[in-house]
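J.: The structure that follows is given in the form of structure tokens.
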Amino acid sequence: MAKIIAYEEDARQGMLAGLDRLANTVKVTLGPKGRNVVLDKSYGAPTITNDGVSIAKEIDLEDPYERIGAELVKEVAKKTDDVAGDGTTTATVLAQSLVHEGLKNVVAGSNPIALRRGIEKASEAIVKELLASAKDVETKDQIAATATISAADPEVGEKIAEALDKVGQDGVVTVEDNNKFGLDLDFTEGMRFDKGYISPYFVTNAEDQTAVLEDPYILLTSGKVSSQQDIVHVAELVMKSGKPLLIIAEDVDGEALPTLVLNKIRGTFNTVAVKAPGFGDRRKAMLQDMAILTGAQVVSDDLGLKLDSIDASVFGHAAKVIVSKDETTIVSGAGSKEDVEARVAQIRAEIENTDSDYDREKLQERLAKLAGGVAVIKVGAATEVEAKERKHRIEDAVRNAKAAIEEGLLPGGGVALVQAAAKVEKSADIVALSGEEATGAAIVFRAVEAPIKQIAQNSGVSGDVVLNKVRELPEGEGFNAATNTYEDLLAAGVTDPVKVTRSALQNAASIAGLFLTTEAVVANKPEKPAAAPQAGAEMGY
């Protein structure tokens, strides 16, 4: 494909136009009185949302230079969303302000490399100040207040606080559609996976078609169980104890399945066979998770273990196992607490290191099943469009609340950035900066005013008036845009997670530095649309 190239000011101005078009669309959603944006879809109903990253993903500009500028800001929103789960609009507003302030100086002749160094130093100093002034989340009410602000809905805040109180920070809170109007909250106890019994003959409770095993042995194997000989040997080990048996394997077929069913029907011993969840390496990892949770050892050819020669030491244990047609739940596995904690730490490290959104999601599901549990918030609304919009807000609020638990809280409404910058501006390290590095730092101190001004503007109040007033207030006090009053924001429950605020600034500063130091842009040349065939062509007359 042919390329087009732009240099210096032409390159930067083309990218800036794309950045502005995206940022101006996103920033109208900022704050408690921010507006929604309607996203047209190629199929189905349109989506109405105030989620910055969802809006950014839908914007695809025609001009190639503008598209590149917009893509850079999309990266700010996406990275902030990946790390903190919220703050995408704040990050976009900060990036726009940093780039505009920086380009003024580049046009005036400043060295962009020196400006970038100053931006990085000031941003790092503000992040340190934000972390130092964070307030730990100590109560369920604080979680509820944080989630309420993110979702703009007190009922949602209460449900999320209840969910996280139950499943813990490592637990998973999922959001699903509800058949009825309103919000419902369900909890899953223990480790649950989406595989049920292989045969309905394993059912012990005819009323709800489930198989319930009390204090069972648990046999985990990575291969298929097909041989009658294997089952006979396992049955001999289990029958000595009189306990029921759960078998989780790649599959149970051949002679093995009818042998198990026949023993179950005759009452020789109570057993249930279930297929292992997942595929390939993910299945192996999940079997190992179950082994650690229950104190079992996975019977695998890789380890030189075969079913016809195992002893009872490979069995795991649990207080109860409940198996339905579609899912299996293991309650209170008997594995070592230390082993479970080590496995949890390993999965956390994998989450930190993966670049794949899909892998991250699957790892978080595994983490929740080991460390916490699963809570499901079911959302119902009058229309499909309203339900989708509410689900988006709840998903953001869940991640916001988790971020608050992880790194603590700050005064919200953009106040924390302004007050942290005011402190950092007077610090010895920043005062010692000189020349264009000092100019770069000054760019950051002006840019961090953008979120509070935008929140005020979206509330119908002058941003400059609010900013000047907040500068005069004691630390922690600021503008509550929901009520248009000045008060102690932490006491009023107007808070932002530190993780969200710092991630927004760090990612915005990173992209702004790249933007300012760009000297040329190589873009794909737009293709001319193919000429339409003339009427009557190739008709033979």
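All residue numbers here begin at 1 and follow the chain in the order shown.
Positions of Cβ are set from backbone N, Cα and C atoms, glycine also.
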J.: May I ask you to find which of G157, G408, G413 Swiss-Prot records for the ATP site already listed with T29, L30, G31, P32, D86, G87, T88, T89, T90, N480, A481, A482, D496?
T.: G413
J.: Applying a 10 Å Cβ distance cut-off over all chains shown, what neighbour count does A482 (ATP binding site) have?
T.: 16
J.: Let me spell it out: for each of the binding-site residues (D86, T88, T90, N480), count the other Cβ atoms within 10 Å of that residue's Cβ, using every protein chain shown. Which one has the most?
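T.: That would be D86, with the most Cβ atoms nearby.
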J.: Find the longest CA to CA distance in the recorded ATP-binding set T29, L30, G31, P32, D86, G87, T88, T89, T90, G413, N480, A481, A482, D496; express it in Å as a whole number.
T.: 20
J.: Out of T29, G31, which of these binding-site residues shows the lowest number of other CB atoms within 10 Å of its CB?
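T.: Ranked by other Cβ atoms within 10 Å, the binding-site residues T29, G31 bottom out at T29.
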